[in-house]
Every structure is written in C-alpha cells, then in structure tokens.
Amino acid sequence: MPARISRATYAQMFGPTVGDKVRLADTDLIIEVERDLTTYGEEVKFGGGKVIRDGMGQSQLSRAEGAMDTVITNALILDHSGIYKADIGLLDGRIALIGKAGNPDTQPGISIIIGPGTEIIAGEGKIVTAGGIDTHVHFISPQQVDEALNAGITCMVGGGTGPAHGTLATTCTPGPWHIARLIQSFDGLPMNIGVFGKGNASLPGALEEMVRAGACGLKLHEDWGCTPAAIDNCLSVADHFDVQVAIHTDTLNEGGFVEDTLNAFKGRTIHSFHTEGAGGGHAPDIIRVCQYPNVLPASTNPTRPYTVNTIAEHLDMLMVCHHLSPAIPEDIAFAESRIRKETIAAEDILHDMGAFSIISSDSQAMGRVGEMIIRCWQTADKMKKQRGSLPDDRPGNDNYRARRYIAKYTINPAIAHGMAHEIGSVEVGKRADLVLWNPAFFGVKPDMVLLGGWIATAPMGDANGSIPTPQPMHTRPMFGSFGKALTNTSITFVSQAAMDEGLREKIGVDKQLVAVVNTRGGIGKHSMILNNAMPQMEVDPETYEVRADGELLTCEPVDVVPMAQRYFLF
C-alpha cells in the first residue's frame with residue numbers, strides 16, 4: 001500500500017520534486033522543478049539503512065555488464081536545456097546516462113545500473129550544473145587555476161606567458177615556443193584549458209605557425225595594433241584552420257572606427273570581447289556590434305553588474321593593466337574614454353534581453369577569475385529587481401532567466417570556441433565536468449567540483465579530524481588534482497592542425513589533446529542559446545545614450561548586491 005509524506009519531508013529526504021521551488025543563494029531568483037525522471041517510491045539513496053545495499057538498490061552487475069563508475073543520486077539539474085530532477089550515471093569520465101538509477105533485478109524502470117563497482121555521490125538537495133567556461137583569461141599566474149576551479153570553473157581559454165607586460169594587457173600567447181611551454185605547464189594544472197595565439201599581423205605566416213603549434217584560437221588586441229588589415233588577415237587564417245578569433249577593438253579609433261572594423265569582418269564569425277567598451281574597444285559605440293549575426297558578443301565581470309562603485313574602480317585598474325602613466329595626459333584621456341556609465345548601464349539590460357551572449361572574467365587584467373559565476377548571477381538578480389520577470393518566465397519562477405544566464409558561461413562559450421562536443425552542458429556523451437552546489441551557496445562556493453568524472457576539489461575539514469567536517473573547513477584540492485589522475489581527467493583544446501602534426505608527442509605532454517571544431521561559418525549569433533537577440537542599436541556620440549530598437553537602455557547602479565560579503569566573512 002503506498003505511503004504518503006509531506007512535500008517538506010520528501011524534499012528533505014530525496015531533494016525537491018516537480019512543483020517545488022528553490023532560491024538561488026541569497027538572490028531573489030527562484031527556480032522551479034519542471035520534471036522528475038526518478039520514480040516515487042523507488043528513489044535510491046546511500047547510507048545506513050538506506051536503499052543502495054546489496055540485493056536492494058545495488059545489483060550484482062559488473063562494470064562490463066553495464067554498471068556505472070559513479071552515480072549522482074536525486075540531483076536537481078540546472079542547465080540551459082531545463083531545470084529537472086534526475087539520477088546521473090558517469091562512466092569513463094563522461095555523462096553516460098541521465099534518468100533513473102538502481103537495481104534492474106528488483107526495481108522497475110531502471111536505466112542507470114548501480115553495481116558493486118559503483119561509487120555514489122549524494123545529490124539530494126543539491127543543484128548540479130555543468131562546469132563554468134571562462135573564455136577571457138590572461139594567463140598571468142598559475143594560481144588562477146586554483147581560484148577558478150574552487151569557484152566552479154572547469155575550462156579556461158585565453159593566452160599569456162606569465163606576468164610579462166604583454167600578458168598583463170593582452171590575452172594571447174605569442175609564437176610557437178611560448179605556446180609549447182604554456183601547454184607543457186598544463187600537465188600540472190587541474191583544468192581544461194585552451195590557448196589563444198597572437199592574431200595581430202597583416203600577413204598569415206606567423207599566425208599559421210601558432211595555430212599549428214597548438215593555439216585553439218587567435219586573439220586580436222588593440223595594444224598590438226588592431227587594424228583592419230590585421231583583422232582581415234587573422235580571420236582568413238582562422239577560416240582556413242577552423243579556429244575562433246576573439247577581438248578587443250581599437251578604443252582610440254586610430255586604425256578606423258567601428259564601421260571600419262565591421263567592414264573588415266566581412267560577415268565572418270568573431271567573438272567580441274567586453275562588447276560594452278569599458279574593458280576596451282571603439283569609444284563610445286563598440287556596443288553596437290551586438291546587433292550583427294556574425295558577432296558573438298561577450299562582456300567581462302569588472303562591469304557586472306552596474307553598481308555605485310563600478311566607475312570609481314575602473315580608472316586605476318585601466319592604468320595598471322594597459323601600462324599607462326598617470327603623468328601622461330594622453331594616457332589619462334585614453335583610460336577615461338573607456339569608462340561610460342551610460343554604456344555600462346545598457347550592458348546590464350542587453351544581457352537580460354539576451355543580446356549579449358557570453359560572460360567571462362578578464363582575469364587579473366581588470367576582472368576577477370573567481371567571481372565570474374557570482375557576477376553573472378548578481379546581474380540576473382539586479383535585472384529581476386529592476387525590470388521584473390521576463391516575458392518568457394512563468395508566474396512564480398525565474399526558470400527562463402536562470403537558463404538564459406547559465407548559458408552565458410556554459411554552453412554558449414563552448415559553442416563559440418568549438419568545444420560544445422565535449423563540454424558546456426549536462427548532457428549524455430559529454431565530459432563529466434560537473435559542479436554540485438548547496439542552494440544556499442549556489443554560484444558562490446561549490447560543494448564539489450568534478451573534472452572528467454573524478455572529484456578535483458571540495459570543501460574539507462581538518463585532515464586529522466575524526467570526521468571530514470571539523471574546522472577549519474575550506475575548499476581543498478582532492479585526488480583528482482594530483483599525479484596522473486590530473487592528466488587523465490582534464491584536457492587541452494588545440495587546433496586540428498596541431499593534432500595532425502602530432503603535437504602531443506612532439507612536446508611530450510601527458511594530457512589528452514582535443515581539437516576544436518565548427519568555429520567559423522557554421523555558427524553565428526543564432527547559435528547562442530537563449531542569448532541570440534539582435535536589436536537595432538544606436539549610440540549617441542555626445543551623450544553616450546544607448547538605444548535598442550529605439551528604446552533607451554538605462555538603469556540605476558545598485559549599492560547592495562547578493563552573493564557578496566555575507567559569504568566571505570571567513
């Protein structure tokens with residue numbers, strides 16, 4: 001005879017189910033469970049006196065007979081594709097199945113087999129997301145990887161050589177020698193990583209050798225001369241090798257105006273960095289490029305969201321990052337031309353409209369690598385408070401908005417850089433790069449981060465304690481961050497040309513190399529999931545006012561944001 005229990009009791013035991021609502025951290029964002037792939041009365045749970053025991057929820061089947069390596073039980077999945085409850089089966093470091101786990105000999109409707117060789121991660125009451133992807137990383141210090149991983153980032157794409165002045169300002173690794181050294185260093189870093197080569201050249205030869213040396217993309221930056229000739233040449237090389245181009249355009253409009261840059265694109269796909277302009281780009285109207293079908297517009301977290309401190313913070317950051325001198329009036333003018341409250345305010349709204357598609361960090365070069373996810377959700381919360389529910393949201397939840405914002409740092413950067421066949425979503429067949437969150441700490445401090453199906457980092461107490469929880473409790477590297485487990489659970493993204501030339505053997509790295517694919521004409525703004533709006537943009541050159549489809553885009557800065565100081569008292 002079936003038993004009945006209250007929703008509260010059920011949620012406490014097995015996590016929320018259809019119709020239950022969950023608040024994300026201390027924001028005003030509420031998600032609601034849309035569907036539940038588990039079976040009421042047949043839920044699996046690990047523990048003393050619980051279901052996953054021999055002959056009950058655990059079968060006799062071996063790995064060779066279909067049992068999983070790991071099962072995450074009763075997880076609430078938050079993904080661009082939906083918000084739903086399920087068990088997740090992991091095999092060979094990938095997501096093998098999403099559905100109902102258990103013992104097919106004793107339970108009905110089992111698609112995910114638990115056997116004696118299966119580890120269990122308790123997902124009850126936890127939110128599971130795909131690992132974050134940060135596509136704007138200045139590789140200034142290797143310690144960034146620790147900060148990013150501990151914040152829920154599992155893939156970093158960018159360039160640099162360390163604290164060299166070229167790297168402090170620009171996100172690119174110049175030349176095959178530097179690219180080889182950087183890729184070799186990745187064998188010691190628990191992170192999926194891709195490298196941008198320098199894209200600033202008017203002839204193809206030097207760019208071609210960087211792509212063959214392992215660059216998974218090319219970066220055009222104004223500090224190296226972002227002229228129409230360099231843009232055209234870089235995109236031509238990218239088209240030939242199927243790698244993405246990222247661009248930071250000409251703030252001073254020396255080599256041309258935004259129209260000249262757009263003409264140099266010639267309709268070819270390009271990833272536009274900090275499209276708002278405070279991070280750099282044609283002043284004051286680079287923001288206009290988000291209206292074009294070939295531009296994949298992104299912005300970085302220094303301006304996310306617009307607060308009372310945003311403007312004041314930026315001037316000093318710019319002076320340091322771009323090797324400027326406060327004693328030179330022209331340097332001051334350069335910095336001030338990039339900081340416009342009108343376009344920063346519009347940036348908030350364009351993200352909420354889905355006209356800006358990607359959020360990234362700009363790590364240690366104005367942005368904070370460990371705050372990319374936080375800043376994304378702070379923006380979503382600010383926009384809900386100021387603009388109300390989105391038209392596509394149903395009464396009582398913010399599911400559509402949540403899916404739109406999580407897409408900005410998961411699936412969309414993966415699509416933009418040809419990595420979506422491996423990462424970017426909670427999807428069968430993809431790498432098990434997953435993050436578990438306690439809802440109260442969502443987006444701020446993960447409960448666990450998996451790389452390639454293996455735990456890489458997690459909160460942990462005193463290692464000499466009798467249990468795992470005695471203070472000091474803080475995030476620490478786990479076994480997935482050491483030895484050959486590290487090189488067998490994370491990958492390096494490179495070009496197909498580098499794969500064809502045997503780069504792994506040539507430079508002697510242990511990590512698996514994976515080629516990026518479909519970065520050019522096969523994708524465009526239409527490919528940016530839930531973030532493909534292309535409004536007609538106008539920027540007043542005198543007042544800097546921004547309009548989309550004739551509507552003035554403006555909002556007030558906030559003086560309080562969620563996911564902030566209350567989470568970082570210790």
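Note: Cβ is positioned from N, Cα and C throughout, glycine not excepted.
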* Which of K219, K266 does Swiss-Prot put in the same Ni(2+) 2 site as H248, H274? -> K219
* Looking at Swiss-Prot, which one out of D352, D362, D381, D392 binds Ni(2+) 1 in the same site as H136, H138, K219? -> D362
* What other residues of the same chain, not counting H136, H138, K219, D362, have a CB atom within 8 A of the CB centroid of the Ni(2+) 1 site? -> V137, G158, G159, T170, T171, A246, H248, F273, T300, S360, S361, S363, A365, G367
* Asked: In sequence order, what residues of the same chain, 6+ apart, have a Cβ less than 8 Å from the Cβ of K219 (Ni(2+) 1 binding site)?
  -> G159, T170, T171, C172, F196, G197, K198, G199, V245, A246, I247, H248
* **Check: same-chain CB within 8 A of Ni(2+) 2 site center, minus K219, H248, H274** => H136, T170, T171, L220, H221, A246, I247, T249, S272, F273, G279, G280, G281
* To do: Could you round the CA separation between H136 (Ni(2+) 1 binding site) and H274 (Ni(2+) 2 binding site) to a whole angstrom and send it over?
  => 9
* **Under 8 Å by Cβ from H221 (substrate binding site), counting only residues of that chain that are 6 or more apart** => A169, T170, T171, C172, K198, G199, N200, I247, H248
